[in-house]
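In TrEMBL this protein carries:
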type    : residues                                                                                                     : note
BINDING : A:Thr121, A:Ser122, A:Phe154, A:Pro155, A:Thr156, A:Asp157, A:Asp223, A:His226, A:Tyr248, A:Trp278, A:Thr304 : pyridoxal 5'-phosphate binding site
MOD_RES : A:Lys249                                                                                                     : N6-(pyridoxal phosphate)lysine
There are 2 protein chains.
Amino acid sequence: MSEPTTTDRLALRARELDAGDELTRLRERFVLDGPDDLDGRDDLDGVDGVGGTVYLDGNSLGALPVTVADRVDDVVRRQWGRLRIRSWEESGWWTAPERIGDRIARLVGAAAGQIVVGDSTSVNIFKALVAAVRMARGADGDARDEIVVDATTFPTDGYIAESAARMTGCSLRPVEPGEVPGALGARTAAVLLNHVDYRSGRLHDLPGLTAAVHAAGAVVVWDLCHSAGALPVGLDAHGVDLAVGCTYKYLNGGPGSPAYLYVRRDLQDRFDSPLPGWNSHVEPFGMRSAYEAAPGAVRGRVGTPDILSMLALDAALDVWDGVGIDAVRAKSLALTDFFLQCVEAYADPGRVTCVTPRRPEERGSQIALRCPDAGDVMKHLIGRGVVGDFRHPDVLRFGFTPLYTGFTDAWRAARVLGEVLDEVAGQSRGEARA
Amino acid sequence: MSEPTTTDRLALRARELDAGDELTRLRERFVLDGPDDLDGRDDLDGVDGVGGTVYLDGNSLGALPVTVADRVDDVVRRQWGRLRIRSWEESGWWTAPERIGDRIARLVGAAAGQIVVGDSTSVNIFKALVAAVRMARGADGDARDEIVVDATTFPTDGYIAESAARMTGCSLRPVEPGEVPGALGARTAAVLLNHVDYRSGRLHDLPGLTAAVHAAGAVVVWDLCHSAGALPVGLDAHGVDLAVGCTYKYLNGGPGSPAYLYVRRDLQDRFDSPLPGWNSHVEPFGMRSAYEAAPGAVRGRVGTPDILSMLALDAALDVWDGVGIDAVRAKSLALTDFFLQCVEAYADPGRVTCVTPRRPEERGSQIALRCPDAGDVMKHLIGRGVVGDFRHPDVLRFGFTPLYTGFTDAWRAARVLGEVLDEVAGQSRGEARA
């Protein structure tokens, strides 16, 4: 009898890990590809249950929860089609932004009454950042005139921060997150940071940075797009001021589903929105010409909420029933650890560099690998049924959603990656010789 | 043989008008109540084909077009559920805001390439108004520092205008639309006006007011919420600068469906958005830290578009295939004329006052009636299957959507209104005596 190969050993290990995973049962809450969706793309063998797409792009667009389609159909056909205007009350449309906000609250460590859902992440960053500057100035009367922004941020945060700075008479100062504490001072009004970096997958020190911002008398806004639903955030526990996040990544709300805004309870009275739409009025149907902000999280609302997308998100959040975020985090770290272990086994040394920190406390739920020809490599991977994404100029991103990604998925992705890296390198060499 | 009663004559006239209406065939493009949805609410007789709800609240939430539910189901199950991230390209998600904008363009008299769909009306008003102030200042270098806003506007326009003024160093001046020309001057930067007043249904003089604003060197923003889809707007023909509108009223896009923003082609290069999200970047996937606005209407985009709601709207716009807005306008005026004629026949003189101008050129597609106990009257009407809405403090609104509202609907609504007005007046007198 021959020795097991590396592939065999890791494949068996993946099966063991899947067998011991208490979250495996959650996979059935999602629509994932069965063998009939293979389109002949899977040429692997030797491991039972391998097949279909390995979807590692849930950090861009989460997979479809099984409950969503029927729920949306009911919203369209019955709530809109039959009840029509009555649904604003009878189907709970009007209060959906707060109600669904409370469901998200549990996942990011916030008590109820502090989150509203609506608008895009970009629009919410604008609300939060302008309001943060106003709070910071109101608090101590200082002429605080600087917004500090994560220099490595997802671009929209930077663009919106620039606009917020321009419209509040601030200057914008991009700073690497690790150097933020040293950059804070009496001029700092607000600081916009990402909990997890969209490209590298690095997890920033939310408690420590929040404390540093507070020590400088400034107000912090956290962007949770790449952390909410993947790891514990602890907004209340760490005294975060304001936070925003999207709902279409680890929260699986669907393409472009509405974002959310967190305003800490004791700051809500001072939340002075640059977008004071009628939905945030204390008496929206009073049709009063003078604006008077509603109390509470409702103050973060603007215009008429987008009901179809919002109620799709509501249905999508059902997948979290009975799921604790700590268990999700534990599995996430185990998955990304195991994936890296497999990548090291299957990829030629030096062919890829891991951009994501190896230390668990510095890692979100994605692995970013840098390599030459990354765009081509990702095309080949997708052609082979392993779906991650490419981020300009040279990064392969693989997102691990613990609710529906298993260890065998991680194994298969790494093994296919190893093969693709060889192929693409071979092609490049071939082209160079031609 | 006895003389026909008033009721008979008007009922017969309604039938004649319906028989001669070329748009009647469009009714089948919508989900409307059949007799099985009556819930015993219809106690009228004598006229064939009368039954179900008379839905006169399409100026708040348009009825469901029949194509929407299946289309949304496909978006959820196949595009999101199966194709997932690939749909951003393969299902045309990424370009949907412009593509659907071009479909709306035809209905508001705009050539393609000037409208994008996304965000709420409130958010779009903010973009448009801030951009308008910047344009006005850029154009002639003057220190223009005043925003003029319709004093009778839907509240959110006023609230947002106040914020736009505050953030651009302007003062806000509320002016009755008819008095706008006299209020314009060298200080005027931007003017925000409603094409049709949400409460009274009054149609304002878009060509004349636009010309007056231009003569003062200022920039005009029109809110088309209550006109688009009900009457010709002629954005290009009248040289409108910027316009916004919702899509859930006469465009039937569904609850909270995304709004749209029109920026006239020759102004697009000067459209300097206060919400420069990554979706309006010239190279959104370049992930560049410096913002550079895209050319064209795309510049009005902000964050990730809300795909479910946007594609529901896309499906809803199919009802306009082969429909000209002039025919819609002709029927709208005929419907509202006939409704008023019936109200005069059935309501006690002096019991209601028509707030909507009688002259066709000053009327949108709704009739607003003022009466005591308007809130109670509307409750009773809805209980009897005639759905309009109540606007604080004393206005009954009846919206007429020519695509699915017939003359018999108008007749029935007026007849039930006459009865309800008697009942509610009787109750009030009874209470006064008690």
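For all residues, glycine too, the Cβ spot is worked out from N, Cα and C.
Positions of TrEMBL features highlighted on the structure.
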{"residue": "A:Thr121", "record": "pyridoxal 5'-phosphate binding site", "Cβ contacts under 8 Å, 6 or more apart": "A:Thr156, A:Asp223, A:Cys225, A:Val244, A:Gly245, A:Cys246, A:Ala259"}
{"residue": "A:Phe154", "record": "pyridoxal 5'-phosphate binding site", "Cβ contacts under 8 Å, 6 or more apart": "A:Asn194, A:Tyr198, A:Asp223, A:Cys225"}
{"residue": "A:Tyr248", "record": "pyridoxal 5'-phosphate binding site", "Cβ contacts under 8 Å, 6 or more apart": "A:Leu61, A:Gly62, A:Gly254, A:Pro255, A:Gly256, A:Ser257"}
{"residue": "A:Lys249", "record": "N6-(pyridoxal phosphate)lysine", "Cβ contacts under 8 Å, 6 or more apart": "A:Gly58, A:Asn59, A:Ser60, A:Leu61, A:Gly62, A:Cys225, A:His226, A:Ala228, A:Gly229, A:Gly399"}
{"residue": "A:Thr304", "record": "pyridoxal 5'-phosphate binding site", "Cβ contacts under 8 Å, 6 or more apart": "A:Asn279"}
Can you count the other CB atoms that lie within 10 A of the CB of A:Thr156 (pyridoxal 5'-phosphate binding site)?
28
Where does A:Thr156 (pyridoxal 5'-phosphate binding site) sit by DSSP, helix, strand or coil?
helix
Annotated pyridoxal 5'-phosphate contacts A:Thr121, A:Ser122, A:Phe154, A:Pro155, A:Thr156, A:Asp157, A:Asp223, A:His226, A:Tyr248, A:Trp278, A:Thr304, maximal Cα-Cα distance (Å, integer):
31
Where does A:Lys249 (N6-(pyridoxal phosphate)lysine) sit in DSSP terms: helix, strand, or coil?
coil
Name the secondary structure element type, per DSSP in three states, that contains A:Thr304 (pyridoxal 5'-phosphate binding site).
coil
What is the total of other Cβ atoms whose distance to the Cβ of A:Asp223 (pyridoxal 5'-phosphate binding site) is within 10 Å?
27
